[in-house]
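> The structure's right below; bear with me while I get my questions together.
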Amino acid sequence: MQFAPSLNFEERETLFVEVILPLSLAINYTYRIPFELNERVAIGKRVVVQFGKHKIYTALVKNITKQPPEFYEAKYIIDVVDENPVLTEKQFQFWNWITSYYLCNEGDVMAAALPTGLKLASETIIVLRDELPNELNLTTKETLIVEFLHKKPRMAIDEVVELLGQKTVYPIINSLIGKEVIYIAEEVIEKYKPLLKSFITLNPLYKEQENLRQLFAALEKAPKQLDALLAYLKLAKLNPSIAKQQLLEESGSGQAAFKSLIEKDIFIQQKMQVSRLLDGEDEFEVNFALSTAQEVAFNAINTQFIEKDVVLLHGITASGKTQLYIKLIEKAIANGGQVLFLLPEIALTTQIVERIKRYFGDKIGVYHSKFNDNERVEIWNKVLNGAYQVVLGARSAVFLPFINLKLIVVDEEHESSYKQHEPAPRYQARDAAIVLAHFHQAKVVLGSATPSIESFYNAENGKYGFVTLNERFGGVQLPLQEVVSIAEETKRKKMTSYFTSVLIDDMSAALENKEQIILFQNRRGYATILICATCGYAPKCVNCDVSLTFHKTSGKLHCHYCGYHQNSLTICPACGSVHIEQKGFGTERIEEELSLIFPDVKIARLDLDSTRTKNGMQQIISDFQDKKTQILIGTQMVAKGLDFDNVSLIGVINADTLLNYPDFRAFERSYQLLAQVAGRAGRRDKQGKVCIQAYNDTHRIIKQVIANDYAQMYTDELAERKQFNYPPFTRLIFINVKHKDANVLNHAAMQLANALRAQLGNRILGPEQPLIARIRNYYIKQIIIKTEKNADIKKVKLVLKDTIKAFNAQKEFKSVITQIDVDPY
DNA sequence: AGCACGCCGACT
DNA sequence: GTCGGCGTGCTC
């Protein structure tokens, strides 16, 4: 790699650039630099190029050469976008690693790594911002664009080309984005809108005793308003701003009383952004001191950093890992270093983010794929120029342009959402973070209450350092855990629908105490399906090999894989029978059954279906938070990251569905999930309760969860992995082969597996039929490569790459799609 | 990813 | 007779 040489103008040297396009292409393309741009081109800058007949893209300069391409005439680059490189040399290194390790194209990495705002293309739409900065220092052309935008708020880049009558508009647009005048329009709906709540303050006029006295007198004939005022004065001792909801409850006055008080200018109402999950009473303090146990752990981590690059922090729930992270971050940024704090996507909406933000103030950026793009570009730039020292982010944050990275924290390192499945690059952000840290000579802390088997194994073998934190912070009690055998209760006829008598009693007791309940039901794959009682026919999706699920709310049958839906059936199309039954039990069904048992209780459901609508999730969560609903039924979502104050009981409807999942990590995952669910109950001063229902109530994993015995779970699990040759003793690569025609696919998959087997022998398994054999009209087969840990994995990957290339070159297999998933998770 | 080219079915 | 369906190949 070399940067643009300074040129002697006499020579008129012709230069070429190798560029990465943000597309999934197997090779990079070479363009010619027009002489006038020689000086401005540099590695890591973006250039504007035409690719194909019409499309214009911003591509990234990977290399500059003097060598003209041998077999074709290179097109000219149209323009150079950036003043300075947007990509650092370390990022190039990192991209290269991702490309070769996860066997994807460089364009895949570019598409995933750069926020949309840095990938302008000809049809990109620009939009004028609502609020413009006070000082506008615009060039003539920039002013022209802004004036035009005042008349027509949305404008395609092609239209800008037309307006200015010149092709080189990208630098101008880039400059306008930089000056915060325009932004790039996006289709993505902003999922994490800040939650606004009404707050009431008293008009400062009434700070005067005399005025207040007069006010009391004036309100004598309006007792409800007086109550409201009194409630305010009572609550306002600590903080003059009180949530309207809280006031309504405290005072017993209605909305009307508040309305007139606001109209009379006595109360002032304001909408304020609040933390979605816990308003106000978060007991986390900004000025805290570490407990002795935390202090010991903190010192141990720092000591181990002398010899190890990665330390696994095994900290049980409520042991105060966050405080420890904060101290570690503080230490890392003390000398201008940067810190990346990775969290699973879902956890980014929780308190931990609030706490860390509160502590570090404006040094911090939050980055995640569902965020709006302006912010993402902004964060990108602030990381690049060092303004942000700490970034909290989901997996894609590993792609940010850190200039002085000193520490990476991966919280909940066992979470499977760190692995990207679709599209390529199929990277594991936790593992990639370790590599990234290595390039920066930074340190990594992997934190979890239930570490992945892989990480624990690495710690055990001395590859990682290891620190435990097993003292509960602030004396939070472990919940009482109980398993109930569904089989036993069925035998004794004690079950009511899906609920054991034990769970029902627990629920009644909790409701009696005005406490809330969360019911956990694993994955909606077990949702209700229709089945003909006469012939066994079950309606299937026309595009995928799955049964359609019945949704009561829409009255329709839906496919969860492709979105297909059709009307429900009353007559069996196969045999004409009218005996159609509903089978299985999704969250929807549980909700229904539950409402029969507790008719007066408000029940809500939190799953993908109920949150698909705009603001659905927030509404459900805040209703539960505000105690408008007493029981929350949910899938994985409720287990992760949500903390509710008043929840005293957690019920697991059926633990077997987790354990029976056909995957070698099923037991590990079950343990992690159940342990996490347990951590949600009664975290405050009161001991909570967890009730786990299962057929398989003596399963070792359930026993280990109850006993809180991670070590035993690990030992058993490791023995199984060893016996059956699974990670961490081997490495896995999945190759998914897809085609529209089942026969072509079968033949193709067999041929490919044979070709691989010829070179890699019994490391090749399959082709096998995956759980779902057809999705979106494509049939799927899976070939698995399982290599021993000490095998030369680079060589294996090379063989794989070459074999697939040769395979796809064969005429009959041209239209066969292959996808490679390295280290599937 | 888009787009052009090219070869087979149901219609003004 | 033509319009348009999408399978295939190509983009420096």
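Note: Cβ is positioned from N, Cα and C throughout, glycine not excepted.
Reproduced below are the annotations present in TrEMBL:
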type	residues	note
DOMAIN	A:302-469	domain 'Helicase ATP-binding'
BINDING	A:C532, A:C535, A:C572, A:C575	Zn(2+) 1 binding site
BINDING	A:C541, A:C544, A:C559, A:C562	Zn(2+) 2 binding site
DOMAIN	A:564-732	domain 'Helicase C-terminal'
> Compute the centroid of the Cβ atoms of A:C532, A:C535, A:C572, A:C575, then list the same-chain residues not in that set whose Cβ lies within 8 Å of it, in sequence order, for the Zn(2+) 1 site.
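Near the Zn(2+) 1 site, the remaining chain residues are A:A533, A:T534, A:G536, A:Y537, A:P573, A:A574, A:G576, A:S577, A:H579.
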> Between the Cα atoms of A:C532 (Zn(2+) 1 binding site) and A:C541 (Zn(2+) 2 binding site), find the distance and write it as a whole number of Å.
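The separation of the Cα atoms works out to 16 Å.
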> List, in sequence order, the residues of the same chain other than A:C541, A:C544, A:C559, A:C562 whose Cβ lies within 8 Å of the centroid of the Cβ atoms of the recorded Zn(2+) 2 site.
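Other same-chain residues near the Zn(2+) 2 site: A:V542, A:N543, A:V546, A:L548, A:H560, A:Y561, A:G563, A:Y564, A:I775, A:R776.
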> Specify the count of other C-beta atoms within 10 Å of the C-beta of A:C535 (Zn(2+) 1 binding site).
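A:C535 (Zn(2+) 1 binding site): 13 neighbouring Cβ atoms within 10 Å.
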> Check each residue in the chain of A:C544 (Zn(2+) 2 binding site) that is at least six apart in sequence and keep those whose C-beta is under 8 Å from its C-beta; list them in sequence order.
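In sequence order, the residues whose Cβ lies under 8 Å from that of A:C544 (Zn(2+) 2 binding site) (at least 6 apart) are A:C559, A:Y561, A:C562, A:Y564, A:I772, A:R774, A:I775, A:R776, A:N777.
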> By a simple count of other Cβ atoms within 10 Å, which of A:C532, A:C541, A:C562, A:C575, the binding-site residues in the record, is least packed?
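It is A:C575 that, of the binding-site residues A:C532, A:C541, A:C562, A:C575, has the fewest other Cβ atoms within 10 Å.
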> May I ask you to report the DSSP-based helix, strand or coil state of A:C532 (Zn(2+) 1 binding site)?
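The residue in question, A:C532 (Zn(2+) 1 binding site), is strand (DSSP, three-state).
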> Suppose you look only at the domain 'Helicase C-terminal' (A:564-732); what would the mean pLDDT be?
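Averaged over the domain 'Helicase C-terminal' (A:564-732), per-residue pLDDT gives 84.
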> Within 10 Å of the Cβ of A:C572 (Zn(2+) 1 binding site), how many other Cβ atoms can you find? Include all protein chains, please.
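So the number of other Cβ atoms within 10 Å of A:C572 (Zn(2+) 1 binding site) is 21.
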> Quick check for the class: what is the C-alpha distance, in angstrom and rounded, between A:C535 (Zn(2+) 1 binding site) and A:C541 (Zn(2+) 2 binding site)?
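That comes out at 18 Å between the alpha carbons.
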